[in-house]
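Below: one structure, written as structure tokens.
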Amino acid sequence: MAARCVRLARRSLPALALSFRPSPRLLCTATKQKNNGQNLDEDLGHCEPKTDPPSADKTLLEEKAKLEEQLRETMEKYKRALADTENLRQRSQKLVEEAKLYGIQGFCKDLLEVADILEKATQSVPKEEISNNNPHLKSLYEGLVMTEVQIQKVFTKHGLLRLDPIGAKFDPYEHEALFHTPVEGKEPGTVALVSKVGYKLHGRTLRPALVGVVKDA
């Protein structure tokens, strides 16, 4: 009896094994589900936000801004240097021109002494003695006058002008007051007497005129 039961059990084992073996269709479906799960995970992984590095356009814009700032600073420095150079050129040119104009001041002052002597010489000659009866004195006087006129022409040619301000308003930049005195019929503050004429060189007072000024009585 026992041996019969054993034989029946051996015969039933293959059938039971087949009943528990999964079918190919089920295996294929499981494989597809597994693959779909992996693909879904990969898709979800691709959808995760990522931090991108700075783009090339942004870098180029930053470099452009830096270069523009450097260019602006360089242009400002260039303009300042150009302005400084122009100012220096103008100052140098002005100094050269002033040296040309006023470099002869010392020489002119020496010539003024000669002009003063000529003026005093012509003024010292008695006018009543200048006649044909005294030809030597007349010739000498006329020679002095011609020399004085000629030297004044030379002065004018080189920008040296004579100041004889008799009757003019007193100007402290051109006149030097030796005294103040009331003068009848004269306006106070005007020049009543010129003791020594003055001179201007190219508009600048070289020697002030020595004068007497009218004051209120």
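Positions of Cβ are set from backbone N, Cα and C atoms, glycine also.
Feature annotations, courtesy of Swiss-Prot:
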type	residues	note
TRANSIT	1-27	transit peptide
REGION	37-56	region 'Disordered'
MOD_RES	LYS94	N6-succinyllysine
MOD_RES	LYS94	N6-acetyllysine
MOD_RES	LYS100	N6-acetyllysine
MOD_RES	LYS120	N6-succinyllysine
MOD_RES	LYS215	N6-succinyllysine
MOD_RES	LYS215	N6-acetyllysine
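Structural mapping of features recorded in Swiss-Prot.
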residue: LYS94; record: N6-succinyllysine; contacts (Cβ under 8 Å, 6+ apart): none
residue: LYS100; record: N6-acetyllysine; contacts (Cβ under 8 Å, 6+ apart): none
residue: LYS120; record: N6-succinyllysine; contacts (Cβ under 8 Å, 6+ apart): none
residue: LYS215; record: N6-succinyllysine; contacts (Cβ under 8 Å, 6+ apart): HIS180, THR181, PRO182, PRO188, GLY189
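LYS100 (N6-acetyllysine) carries a helical DSSP state (H, G or I).
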